[in-house]
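Visitor: What TrEMBL records for 7-238 is domain 'NAD-dependent epimerase/dehydratase'. According to TrEMBL, the NADP(+) binding site annotation covers 11-17, 106-109, Lys141, 164-167, His180. According to TrEMBL, the feature site 'Important for catalytic activity' maps to Ser108, Cys110. Here TrEMBL flags Tyr137 as active site, proton donor/acceptor. Annotation comment: TrEMBL describes Lys188, Trp203, Arg210, Asp270 as substrate binding site.
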Amino acid sequence: MDKDCTIYVAGHRGLVGSALVRRLKEQGYGRIVHQTSSELDLRDRDQVERWFSEQSIDYVFLAAAKVGGIAANQDFPADFIRDNLLIQTNVIDAAYRHNVKKLLFLGSTCIYPKLAPQPMREQDLLGGPLEPSNEPYAVAKITGIKMCQAYNRQYGTRFISVMPTNLYGPQDNFDLHTSHVLPALIRKFHDAMVSNAASVEVWGSGEPKREFLHSDDLADACVFLMKNYGGDEIVNVGWGKDIKISELAALIGRIVGYEGDIVYDRTKPDGTPRKLVDVSRLTEMGWQARITLEEGLRRTYQDYLKEIYHTGGVR
Ligand SMILES: NC(=O)C1=CN([C@@H]2O[C@H](COP(=O)(O)OP(=O)(O)OC[C@H]3O[C@@H](n4cnc5c(N)ncnc54)[C@H](OP(=O)(O)O)[C@@H]3O)[C@@H](O)[C@H]2O)C=CC1
Ligand SMILES: C[C@H]1O[C@H](OP(=O)(O)OP(=O)(O)OC[C@H]2O[C@@H](n3cnc4c(=O)[nH]c(N)nc43)[C@H](O)[C@@H]2O)[C@@H](O)[C@@H](O)C1=O
């Protein structure tokens with residue numbers, strides 16, 4: 001990627017998109033273009049067509065999507081499959097028709113079978129039934145992967161697909177109904193600490209395990225892959241270790257300084273029991289994550305505090 005190339009970061013205000021913009025700027029890329037969803041609704045083919053005709057885009061990071069935690073996926077399954085299919089189809093097709101040099105599609109590790117052997121390897125894709133709580137979202141993501149591969153085969157494009165594990169960092173969604181577990185627990189423990197509450201409620205049994213990667217590490221991996229990888233195979237990105245939700249809750253409680261009890265609401269779903277990814281493909285290419293969970297959590301909690309105290313709220 002030449003320093004004067006035009007890079008479109010779709011979803012630049014989100015967790016991943018904002019980290020990508022930070023990383024690209026740090027590396028000296030000066031022509032980064034983007035639009036908010038109200039300026040450019042990527043579900044609308046005509047708007048997408050107009051945007052690609054007006055810009056001369058060389059590279060696309062496709063980080064715009066309908067994203068949410070376990071409850072949002074269960075409550076809005078139609079929105080998750082429709083919006084993601086529309087966004088990714090419109091952007092991938094426009095990138096082909098407007099001769100984009102390379103596109104990076106962001107998938108997710110929920111594409112792997114619910115009971116895939118751990119750690120999950122790239123070749124486990126389509127090896128068994130999916131986790132029901134996020135199946136519509138996962139099916140949209142699998143379609144995005146297959147679309148990139150089909151365009152590469154038929155049209156000779158260079159569209160690559162990256163599968164990140166559960167992410168966290170600045171600009172995350174802290175809404176208690178729609179967020180993922182890590183930002184939800186930061187907010188719950190912080191609120192409980194401030195209000196002196198006797199306990200914090202954690203959903204499910206606390207037994208499922210998840211792997212967490214800081215968005216700055218993911219952005220670094222995506223820029224690395226955009227520069228160094230042109231293959232058809234999907235690539236996992238993760239930290240390499242997972243922890244139980246109960247351990248995560250205890251760690252966040254300690255970082256926030258909350259000393260009350262943790263109670264488990266077993267009426268809420270656990271979701272998939274475990275989803276650790278095998279990162280050997282990426283490690284063999286020479287990339288490794290750097291931000292430990294404890295350091296990343298401390299940074300994220302500081303960012304959260306700055307956000308609520310200086311701007312009056314978080315999304
Ligand atoms: N968060 C996670 O744990 C994981 C995320 N991923 C993937 O990474 C990618 C980015 O996720 P993340 O950053 O967490 O998500 P966020 O929800 O933080 O950001 C998504 C972005 O997408 C944009 N967007 C949504 N709908 C539209 C639309 N109709 N038109 C234009 N833009 C739209 C939003 O723009 P605006 O702000 O302008 O409304 C928003 O900034 C997604 O593909 C997701 O599936 C993969 C694994 C884990
Ligand atoms: C990234 C990934 O994210 C989603 O899958 P998920 O990992 O199951 O989602 P999650 O982060 O919401 O939950 C992880 C675990 O944590 C438990 N949990 C406890 N307490 C809270 C809580 O307060 N909020 C939330 N959200 N979860 C909680 C929760 O019950 C579950 O056992 C999908 O969008 C999927 O499609 C996807 O790609």
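Backbone N, Cα and C atoms are what each Cβ position is placed from, and that goes for glycine too.
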Visitor: Between Pro164 (NADP(+) binding site) and Trp203 (substrate binding site), how far is it from one CA atom to the other, in Å?
Guide: 23
Visitor: Going by DSSP, is Gly11 (NADP(+) binding site) part of a helix, a strand, or coil?
Guide: coil
Visitor: Between all pairs in Lys188, Trp203, Arg210, Asp270 (listed as substrate binders), what's the biggest Cα distance, rounded to the nearest Å?
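Guide: Across Lys188, Trp203, Arg210, Asp270, the widest Cα separation comes out at 19 Å.
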Visitor: Write out the long-range same-chain contacts of Leu167 (NADP(+) binding site), meaning residues 6 or more apart in sequence whose Cβ is under 8 Å from its Cβ.
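Guide: In sequence order, Leu15, Val16, His180, Phe212, Leu213, His214, Ser215, Leu218 meet the Cβ cut-off.
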Visitor: For Cys110 (site 'Important for catalytic activity') and the residue listed as 'active site, proton donor/acceptor', determine the Cα separation and express it in whole Å.
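Guide: Taking the Cα atoms only, Cys110 (site 'Important for catalytic activity') lies 8 Å from the residue listed as 'active site, proton donor/acceptor'.
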Visitor: Pop the Cα-Cα gap between Tyr137 (active site, proton donor/acceptor) and Asp270 (substrate binding site) into the table, whole Å please.
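Guide: Cα to Cα, Asp270 (substrate binding site) and Tyr137 (active site, proton donor/acceptor) are separated by 17 Å.
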Visitor: For the domain 'NAD-dependent epimerase/dehydratase' (7-238), provide the mean pLDDT of the predicted model.
Guide: 97
Visitor: Among the binding-site residues Gly14, Ser108, Lys188, Trp203, Arg210, name every one whose Cβ is found under 6 angstroms from ligand 1, counting any of its atoms.
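Guide: Cβ under 6 Å from ligand 1: Gly14, Ser108.
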Visitor: Check the binding-site residues Lys188, Arg210 for other C-beta atoms within 10 angstroms of each C-beta and report the one with the most.
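Guide: Counting Cβ neighbours within 10 Å, the top one is Lys188.
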Visitor: For the C-alpha pair, I'd like the distance in angstrom between Ser108 (NADP(+) binding site) and Arg210 (substrate binding site), rounded off.
Guide: 13
Visitor: Gly17 (NADP(+) binding site) has how many other Cβ neighbours within 10 Å of its own Cβ?
Guide: 23
Visitor: Between Gly11 (NADP(+) binding site) and Tyr137 (active site, proton donor/acceptor), what is the CA-CA distance rounded to a whole number of Å?
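Guide: Pair distance, Cα basis, whole Å: 17 Å.
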Visitor: Look up Trp203 (substrate binding site) in the DSSP assignment and report helix, strand or coil.
Guide: strand
Visitor: Do me a favour and check the Cα-Cα span between Trp203 (substrate binding site) and Gly17 (NADP(+) binding site); whole Å is fine.
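Guide: Computed Cα spacing between Trp203 (substrate binding site) and Gly17 (NADP(+) binding site) is 28 Å.
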